[in-house]
Amino acid sequence: MSHLRWLMREWRGGELALLLVSLLLAVTIVSGVAGFAERLQRGIVGESHQFLAADLVLKTPRALPAEAFAELPDGVETARVIEFRSMVVAGEAMELASIKAVSERYPLKGELTISDEPFGLPLASREIPPAGTAWLDSRLFPLLGIEIGDALQLGDVSLRAEQALITEPDRGTSFYGMGPRVLINEQDVARSGVVQAGSLVDYRYLFAGASEPLAQVQTALQPQLTVSDRWQSLDDSQPQIARTLERAERFLLLAGSFGVALAGVAVALAARRYSQRHLDTVAVMKALGAGSSQITRLYVGNILLLALVSALLGWALGLGVQTALFAMIRDLVGFTPPAGTLRPLLAGAITALLCVASFALPPVLRLRSVPPLRVLRRDLGNESLSSGVSAGAGIAGLFLLMLWYTGSVELVLAVLVGVAVILGLAGILVLRLFTSLRRWAQGAGGVMKLALSAMVRRRQANAFQVVSLALALMVLLCIIAARSSLMKEWQLQLPTDTPNHFLVNIAPDQVAPVDAWLDQHDIRSAGLYPMVRGRLVTIDGQDVYEIPEIEANRGSVNREINLSWSEQLPEDNKLTSGHWWTDSNDAMAQVSVEEEFAERLGISVGTRLGFRIGGLPLEAEVSSLRSLSWDSMRPNFFLLFEPGVLEAYPSSSITSFYLDANDKVLLNDLLSRFPTITLIEMDAVIRQARTVVDQVSAALELVLVLIIACALLVGIANLQASLDSRLHENAILRTLGASRQLIRTCLLAEFALIGLLAGLLAGVGAEICLYLIQTRLLDMEPSWHPMFWLAAPIGAASLVAVSGWWFCREVIVAPPLQVLRRL
Amino acid sequence: MIHAKNVSKRVQVADSELCILKGTSLEIKRGESVAIIGPSGSGKSTLLGLLAGLDEPTDGDIWLAGEHLNALDEDGRAALRARLVGFVFQSFQLLPGLTAQENVMLPLELRGDRSAAEVAKDYLNRVGLGHRLDHYPRQLSGGEQQRVALARAFAPQPDILFADEPTGNLDADTGASVNDLLFSLNAQSSTTLVLVTHEPILAKRCARRITLAAGEIMEDTGEALPA
Ligand SMILES: Nc1ncnc2c1ncn2[C@@H]1O[C@H](COP(=O)(O)OP(=O)(O)O)[C@@H](O)[C@H]1O
Ligand SMILES: [Mg+2]
């Protein structure tokens, strides 16, 4: 008999629908979420290359001879960037600017954004400034008192200010001390004459291409390099957004693997019911002469066909999920999603096969051993559906699925062992409880006694039901809670009025007028912090350049650091060791150091640090280490002194404030009033970060919906599994004279009890799992959820009671004989 | 056609052994119609199951159409059943997911018969259900379901038909008409018929009656007849 025809006939039975939906969901989740994650990953990698404006960068303080790049391997593109500081002059006005001269084809990755007017709307540009022109940071226009089209002087060359420069991909994040940017053409550097031998110049040679030829470039150039030359690749510049997306991706994968596990359970339940319902069919077919191999072929073929169908359908649905997910995060990712590969199809097919092999086949394969004598004696063959093997196969399948999906043995082992222990204990407990109902039953009278003892008789099925419902609920609670705590953390990092503009270099006599100006325009600042610039020169009396361990962290000592002082520990700082200022008679000044900075330089509480500030030495002892929240966008300092130490040194102040995009024109006024103040705009970065949060949460929501669907499926499969025996028993009870009222009460009570227990277990289990997920997987503070303990049992009890009653309403409403005849 | 020699069946119940059939021997010839009668629980269904090769005896030998059943495994017996045997059950045992026609087609398809659909239609016509080919069992009355079961049993033209209380679940009138149908189909095809029943009227329509009580043959009208 043809499998297809058989499948079509079987389909009408109805049991296959649930099996197919469960399989389909598993495949959809895998191919949708995993496919999305894969494409996102590739996209992020591509995106992150923009932050270098290339795939690989050679950074050097000297110009390399052109011959060095004469022979590049095929497929490698290259461009040059020269960066230096120089004065730019327009009429009377002069400004120290950070000049960036670029060659044709810059940037190799990402794009320049410019605007027709200062602080105007951004436009992408594919070109670089033509020779003889310059693109200027918006804030330079008011500072120099010029407009678009006016001329400015850079050394010997006169350039026309043609565009306002909004941003370049490789602008970098080290914004302190960097002057306003002027982007020019490489050809104008020589003509300007400002770059002389000995000038402080950064040369960057950009390369883009596949990793093979890039590696060749690296080897070829290596002999010509000195210690001062450095290669930069992606790993050095992992941007913030990529980190957020990565976390979101990890969450998606976790949620996805839970979803797949749930779908697997649903498959197992559906397959169990399917084979239960086919015991009679198989017995009849065997009596009619079907051999067990024929039965096997028919049913296994059937299931495999189902797997194939769900693999294909699920793949298509998965593509839909991917598209939806990308649509949700469209403004966030600067890239068009890379084309999908066939991997999700393969992944989906493997999922379908694994699900089928470990969850569906064991119960179905047992059909082959149904004795034909069952046609005469219906009680035969029931026991053949033992759950031991199915459970073993199921767990093995789950393990493989989750392992393959998350790629982490530890994670999967931890989750599975944890879940197994919780559920195992729970199962025993629940079984005990149901058994103890027996005593109750003894005491009860009449039909109530029958109902209670039916419950006791079904105790194994009921315990199983409680445990599997608890599992579904637990997963759901975990995912909901993990999602909302991720979201809360993200939102906390970026409240809507997060400061998005910094003012640095505010002279002491400007502090009051700037404060007044901000007040006048209703702009709330984070306060003005005094700041002294100095270098760290000795650690415990030793010259920092002579400490070998510091070699790798030259950047931390090679530059001027911002030093500040404060009476109180700043709001979002946390002491991690030592004490805040102590009243000591010690003459030595006290300083508090940011912990990561301290770690890089091997500094701990008690270390003595030597500084040089404006030519004067200062010695201080570390009294505490602090952690900072860099995301708060307030001025933060690696080094904070106790009050009274730095006041004597020349200082400037720094502040940050929030400014709406519509109010940005105000900055023209501010900067022309206080031309020496440096403005740093962070609004684009923050806006981007906020879009990340908004859109990633939308994506997480979609996945949540899939998980809810899985949990519902498990619930439905679960209720259906026990439906036949329940209908049967209750119909008999009714023929024996039980009133509808009693049956309804019994049913509701039994289901409510099942839901209550499941909810309780799920609440406890979710709390434990969440603790592990938050601390181990998402690197977050664990949170507690007292609501779970209350809401989960009550919610589950009412939900299960209502849906259980709905599924069984027939036995309450219909005449019992009808029910009995149908079964 | 069917030959049983010293067949007994014992099953383990709790910790005691229950003997359902005690050393039963009998011989049924081609074309014979035999009724197995006896009170409920006397072992009739057990004997039928053994003769049809649905189960294995604890002791004794059984031959079906010359094949020694003891020598065959379950698959071998299934193949034999597919070739030779038809069944009618007390509880009809139609597959609920299949239409009447598909139910009748089932044994034909299991044999690989290509004209299954036509043959099934033909037999459903013969049992008077030609107009209900596409109905599902749940849409049919008990009597109609049993008539479909009859069509299913006779359609492959089996050499032997086993029937276990075919009218046990039907009211008297419906049962009578199903019986009529059973015997007329049987007459048309001259099938060997082994019929379990506790209804004397039905038993009387068979040429030979074997009476069981407590797992033993009490009376066999066939034994008395000259072969
Ligand atoms: N596998 C078995 N396990 C236990 N008892 C059985 C089994 N098979 C049959 N019996 C018992 O053997 C007796 C005869 O059964 P059966 O052949 O069905 O009788 P009949 O069909 O004459 O009513 C009954 O009491 C029945 O309960
Ligand atoms: Mg019987």
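Cβ atoms are placed via backbone N, Cα and C, with glycine included.
If you check TrEMBL, you get these features:
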type	residues	note
TRANSMEM	A:251-271	transmembrane segment
DOMAIN	A:256-372	domain 'ABC3 transporter permease C-terminal'
TRANSMEM	A:303-325	transmembrane segment
TRANSMEM	A:345-365	transmembrane segment
TRANSMEM	A:385-405	transmembrane segment
TRANSMEM	A:411-434	transmembrane segment
TRANSMEM	A:463-482	transmembrane segment
TRANSMEM	A:698-721	transmembrane segment
DOMAIN	A:703-809	domain 'ABC3 transporter permease C-terminal'
TRANSMEM	A:742-773	transmembrane segment
TRANSMEM	A:788-808	transmembrane segment
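Of the recorded ranges A:411-434, A:698-721, A:742-773, the transmembrane segment (A:463-482) has the largest number of C-beta contacts under 8 angstroms with A:742-773. With DSSP classes pooled into helix, strand and coil, the tally for the domain 'ABC3 transporter permease C-terminal' (A:703-809) is 94 helix, 0 strand, 13 coil. Here the transmembrane segment (A:698-721) has Cβ contacts under 8 Å with residues 18, 21-22, 25, 28-29, 32-33, 36, 248, 251-252, 255-256, 258-259, 262-263, 265-266, 269-270, 272-273, 276, 321, 324-325, 328-329, 461, 465, 468-469, 471-473, 475-476, 479-480, 483, 486-487, 799-800, 803-804, 807 of the same chain, all six or more residues outside its ends. Contact count against the transmembrane segment (A:411-434) (Cβ pairs under 8 Å) is highest for A:742-773, out of A:251-271, A:303-325, A:742-773, A:788-808. Sequence-remote contacts of a segment are chain residues at least 6 beyond its ends whose Cβ falls under 8 Å from one of its Cβ atoms, and for the transmembrane segment (A:345-365) they are 19, 22-23, 26-28, 30-31, 34-35, 260, 263-265, 267-268, 270-272, 274-276, 296, 299-300, 303-304, 306-308, 310-311, 314-315, 318, 385, 389-390, 393-394, 396-398, 400-401, 404. For the domain 'ABC3 transporter permease C-terminal' (A:703-809), the mean pLDDT of the prediction comes to 79. Listed by sequence, the residues of this chain that lie at least six past the ends of the transmembrane segment (A:788-808) yet keep a Cβ under 8 A from its Cβ atoms are 469, 473, 477, 481, 715-716, 719-720, 723, 726-727, 730, 744, 747-748, 750-760, 762-764, 766-767.
Across the domain 'ABC3 transporter permease C-terminal' (A:256-372), the DSSP tally of helix, strand and coil residues reads 96 helix, 0 strand, 21 coil.
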